[in-house]
Amino acid sequence: MSVVSNHHSNGNGNSTVYDTNGNDEIKKEVKDEPMASDSEVPFGELMKRDKKEKKQKKRKAESGSDEDDYKPEKRKSSAKNGKKKDVGSDSEDDYKPEKKKSKKNNKKKAQESSEDDDEESEGDVSEEDVKPQIHSDDELEEEDEAPTTDDEEEQKRKEKERRKKEKREKKERKEKKRLEKENRKIKEEDDEDSDDEDDEKAKKKKRKSKGAEKSKPSTSKKDAGGKKEPPKKKVKKEEDIEDIWEWWKEEKKPAGVKWNSLQHCGPLFAPPYIPLPSHVHFKYGGEKMKLTLETEEIAQFYAGVLDHEYSTKEAFNKNFMKDWRKVMTVEERERIHDLKKCDFRAIDAYQKEQREIRKAMTKEEKLKIKEEKEAEVKIYGIAIIDGHRQKVANFRIEPPGVFRGRGGHPKMGLIKKRIMPEDVIINCGKDTEIPKPPPGHKWKEVRHDNTVTWLCSWTESVLGQNKYIMLNPSSKIKGEKDFEKYETARRLKKKIGGIRERYTDDFKSKEMRVRQRATALYFIDKLALRAGNEKDVDEAADTVGCCSLRVEHIKLFDSAKLNEDDKKEKEFVVEFDFLGKDSIRYFNRVSVEKRVYKNLKIFMEGKAPSDDLFDRLDTATLNDHLRSLMDGLTVKVFRTYNASITLQEQLIKLTNPKDNVAAKILSYNRANRQVAILCNHQRAVSKGFDESMQKLEQKIKDKKKEVKEAEAALKSARGAEKEKAQKKYDRLKEQLKKLKISRTDKDENKQIALGTSKLNYIDPRITVAWCKKFEVPLEKVFTKTHREKFRWAIDMTNSSDEEYVF
């Protein structure tokens, strides 16, 4: 690169040499000759100098009045235009306002501009070549601030540390969320009821959608001022919208009045029967036989149970054949009379094929079905009660099919007939529009009864029971009923001492009726037995309660062990063994008071095993007596009271405030388990239990390995790495502890249904108060269904400063 010595003087006797390409590299400094005086300068040149000085003064004045108006000038680069500029030129075109950047850049550019403008050639000094250096206010401020560089560095350092701290905290929060998510997954594997499973599906779906949103690039825009636009509010789907009705803060309606206005769209009937395709045949005696649609539909019902044990039961087959023949034509009845000659295999194969087709549906096909169901919910799933939108619980009428029953139900195999509009009674407000029946049909009856809570009613064909369409458990009507139930149980707590004294005195009554009532009430109080209703064993399953116990259901032992593991025997032992509600076996050995034991011996004397134990007592008589002791008291209130008080006492006994959340939840589940055992809320061990436990054991094994590796890494770590290794080790130890707790919880509750007592018998305010006191998230113990149903309890408990005590 050639260097031409071009000297621009700054008027102070020094000049700097630059290369002609505009590079800033300083080559050398030379001493300037003194500037020529006015007398030596020609008059024309002097006029030009004066003119230039006036311009400079004007610039200074403008710069002083508004610092933002003036910006350091920059020499035009001749290279830009592709032509060389005369070095000595003083043309105004050689100046171009410099774009304002940072203060540092302003200072640097100002210096460069000053040096460029003050270059002077080695020859005669020309006035046009003199360009005085002008400093803007910004530049002066920069010069003043120059000594404070250390403060700026310190400020930057602090800012850097702050950002690091924020990043570290963010990372810790993320790790905490990850741990919570992992714990949630472990907990989710142990969901004990269908409500938990439904809720979990919703959670997974929500997490999946959130993950999809995170994977998308951010589309947020900023306005001119650099501020982010406010996020758009998420609009709820119409079907998700239900009025949050704080009915517990309103005045109560007159006694017996459930609603003032009620509007709904009636029930949704089962879809019509779709005939079998022409290539699928029913065979009788090895020959193909064409059936009428009514007969063919019922044949499909039986084909659906071919692989089930029901098809091997004599009672089931006998009842099915009897009901099936009722719908057959005369010709069909003459030919079909032996179920063993009926061949349903082709129909069964077709049904299995259809199931596989449904499983293999595309995403779009499944979405279409989902949208159709959502559309049905919008129409039939909402009722308007007193101006508030409330969910309807079961708006779909059950389709026809075969009655299976629980246990050895005597009516298993009978046909559940198709319900038609002509079978249905509608209940709605007088001033509201009556639901329209399907075209060509009419309702059996339309009522306007505001003393009942059902929307529709009909009688089913097998058991002759009334079926109802009701509002969702989260509705006001259901909530009021629950609130009254638990308040009655709380009132019982204040009177239970006197009631117990009363029935204890009645153990010795001279009247056998009073003795039986007192003894039965003792079992209802101590064992939380159901009352039991009289049933015709030929019409219903042989399930019993306290009042309907038979001699064959109990055994007496003067002394015996209550459990196989017990070392000592107890006196006056009674063994109960019978089928309770839903044909669930109740087996229990208890030690009773001596007077109760003697009474049972008296009640059993001279009776056959099939005779009633309490032959002078029934449920109605017992409930009448209870109402005389306390207003609103029934056998069910005793059950609710004992369930609630047991949970509260167990929570006080088991909860350790120093435990982590997982350990506290284990304590809660153990307390809940005692309630479930008391109420005999059992369930069958799930088919996938063993597989699930194996997976959990493998997780524990893998986690132990991780803990061991982390421990080794901690021992070898030094300096800053040691703190990081310690955190990792502690985190893994905590995860292992939670997995072990989950294993214990899962194993203990494999045959116990915790959800039933939580949903129907335990005062929810006990649980809410416990969560509040021990800082346990309510979602850990209450599913979405629980939280919606007990919205009133959550609000009442959390809004009160006092701790709730049952």
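Placement of Cβ uses the backbone N, Cα and C atoms for every residue, glycine included.
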- Task: Looking at the candidate ranges 446-451, 476-481, 500-505, 530-535, report the one that Swiss-Prot labels region 'Interaction with DNA'.
- Result: 530-535
- Work through the recorded sites one by one (ARG358, LYS485, LYS581, HIS681) and point out the residue whose CB has the fewest other CB atoms within 10 angstroms. ARG358
- Message: Please list the DSSP helix, strand and coil residue counts for the compositional bias 'Basic residues' (159-176).
- Response: 18 helix, 0 strand, 0 coil
- Whole-number Å value for how far TRP454 (site 'Interaction with DNA') lies from ASN623 (site 'Interaction with DNA') (Cα to Cα): 25
- Go through TRP454, TYR761, the listed recorded positions, and name the one with the sparsest Cβ surroundings, counting other Cβ atoms within 10 Å. TRP454
- Query: What is the Cβ neighbour count of THR543 (site 'Interaction with DNA') at a 10 Å cut-off, with all protein chains included?
  - Reply: 22
- Query: With every protein chain in view, how many other Cβ atoms are within 10 Å of the Cβ of ARG406 (site 'Interaction with DNA')?
  - Reply: 13
- Message: Tell me the Cα distance separating TYR761 (active site, O-(3'-phospho-DNA)-tyrosine intermediate) from LYS699 (site 'Interaction with DNA'), rounded to the nearest angstrom.
- Response: 35
- Looking only at the domain 'Topo IB-type catalytic' (474-803), mean pLDDT returns 90
- Note on the structure: Nearest to ARG406 (site 'Interaction with DNA') by C-alpha distance, among the recorded positions ARG358, TRP454, LYS581, HIS681, TYR761, is LYS581
